[in-house]
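Swiss-Prot lists GLN36, HIS140, ASN185, GLU186, TYR350, GLU422, TRP471, PHE487 with the feature beta-D-glucoside binding site, giving similarity to another entry as the kind of evidence. The active site, proton donor annotation in Swiss-Prot covers GLU186. Annotated site 'Controls the gate shape and acceptance of substrates' per Swiss-Prot: TRP394, in sequence order, evidence recorded as similarity to another entry. The feature active site, nucleophile is assigned by Swiss-Prot to GLU422.
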Amino acid sequence: MSSVLPTPVLPTPGRNINRGHFPDDFIFGAGTSSYQIEGAAREGGRGPSIWDTFTHTHPELIQDGSNGDTAINSYNLYKEDIKIVKLMGLDAYRFSISWPRILPGGSINAGINQEGIKYYNNLIDELLANDIVPYVTLFHWDVPQALQDQYDGFLSDKIVDDFRDFAELCFWEFGDRVKNWITINEPESYSNFFGVAYDTPPKAHALKASRLLVPTTVARPSKPVRVFASTADPGTTTADQVYKVGHNLLLAHAAAIQVYRDKFQNTQEGTFGMALVTQWMKPLNENNPADVEAASRAFDFKFGWFMQPLITGEYPKSMRQLLGPRLREFTPDQKKLLIGSYDYVGVNYYTATYVSSAQPPHDKKKAVFHTDGNFYTTDSKDGVLIGPLAGPAWLNIVPEGIYHVLQDIKENYEDPVIYITENGVYEVNDTAKTLSEARVDTTRLHYLQDHLSKVLEARHQGVRVQGYLVWSLMDNWELRAGYTSRFGLIHIDYYNNFARYPKDSAIWFRNAFHKRLRIHVNKARPQEDDGAFDTPRKRLRKY
């Protein structure tokens, strides 16, 4: 007779969830990234990134033809944004450091931009002065254009040394105050959509700068597409470039961790992780072993691709079997650097999909075949969506998916400490709405409530999740979607000097998770509440 007692199933509060249901040291916060919010593309000594070049060369490939030159002007309004974080009572704020703002030429040898250093020092100091913990991402997809021109960016092994130097500079300048680092955001997303060039203009060399990620947030435009080999390796196909980029991202991550542990760990005592994108891969037929295996394989290609090397120094077995020599092997020295190069796992979760081993007969037009992984994905079964769509594309709302993803990571990836580094939902930017109407975001409010309830349920089952960061703090420039999609808790008025206003979700989040509400469930809230968000019509900024 076993002496091991089963984990008790504790009740979850559903949409009444609040901070009191979590332990006192659980972290609540929100996130952003540099190119999506900062703007000031030509201010303060910043150099161009691949996104600057891409958006200016091919504005027709951004849904509204916009770019991040101004974004939401957080470079100049960062104190106001930090005030918002404080008013919401968040523990943490996640932001990324713009590589070309620190190193305009990409490398240390090309020169350090002291104005960029000063900006991030001011940002970090302002956060700490307001009792907000910084979570800092080193790479959120903004490769300096100089490095893209020199050697094709992450298609070249040369970038590993340049990224290590950039990371070391950040540790030297900011590590005395920053204790929570994320090396790379969503390496799978960056890798999987790299190497695609569009025939406008029709010369491959003119498109060099646009060979970069095509974000998953927006369907690709119906334009002629020409896929071509890298100039750095003429014999490499675009499909192979995907794995070459991923390989170099992993080596760059390991190099950054090595330099930190060798030079800074003893004095700065920081922690590290990568923010890995996930998706619940639900077997189309859970009674079909082939579909179950296909779903497992799909998760390998989504998450295991970048997590497994940190545990074993090798890619997932399914990837090695299917890709063979197309997937580079790590050297013994590289394996030593990779294994254990994390303190926690950052999990980005938005949505779910059905996975099948064969083409679903009822969804032939919608099902997508993933050639390398040998599986199909579809968002519906027998004509019924896996979850309601948030908008016209890609994000089906499936709260139970985050629970299953967390359980999968616990059971199959050595039970790591986990932070939810991104979780959120978009709404279409409807310019016909009044300001009052635009701030009513019931879909997001319910999305956050339902997903947080599932995160709590996973904790009850022993998953070591220790924090939750909403994506995103504010509406921002959403990559290929431009300004057409809004992910923020805070509404940005793009037509009135980027004025900030709280949406209903921000007011709820503040009332439920303010750091002063570290109380037992069902106890009254403190009476000294400053009331900043008491009314959903209160304006945060006045121009």
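For all residues, glycine too, the Cβ spot is worked out from N, Cα and C.
Rounded to a whole number, the C-alpha distance linking GLU186 (beta-D-glucoside binding site) with TRP394 (site 'Controls the gate shape and acceptance of substrates') is 17 angstrom. DSSP assigns GLU422 (beta-D-glucoside binding site) to a strand in the three-state reduction.
Candidate binding-site residues: TYR350, TRP471. Fewest other C-beta atoms within 10 angstroms, TRP471. A 10 Å cutoff on Cβ-Cβ distances gives ASN185 (beta-D-glucoside binding site) a total of 24 other Cβ atoms nearby, all chains included. Reduced to three states, the DSSP call for TRP394 (site 'Controls the gate shape and acceptance of substrates') is coil. Of all the binding-site residues in the list GLN36, HIS140, ASN185, TRP471, PHE487, the shortest Cα-Cα distance to TRP394 (site 'Controls the gate shape and acceptance of substrates') is found for PHE487. Using a 10 Å radius centred on the Cβ of GLU422 (beta-D-glucoside binding site) and all shown protein chains, the other Cβ atoms total 25. Of all Cβ atoms in the shown protein chains, 24 besides its own fall within 10 Å of the Cβ of GLN36 (beta-D-glucoside binding site). For HIS140 (beta-D-glucoside binding site), the number of other Cβ atoms no farther than 10 Å from its own Cβ, over all displayed protein chains, is 23. Under the DSSP three-state reduction, GLN36 (beta-D-glucoside binding site) is assigned to helix. Look at HIS140 (beta-D-glucoside binding site): DSSP puts it in coil. Taken residue by residue with DSSP, GLU186 (beta-D-glucoside binding site) is part of neither helix nor strand, so it is coil.
Least packed by the Cβ count within 10 Å, out of the recorded positions TRP394, PHE487, is TRP394.
Every protein chain considered, the tally of other Cβ atoms within 10 Å of the Cβ of GLU186 (beta-D-glucoside binding site) stands at 25.
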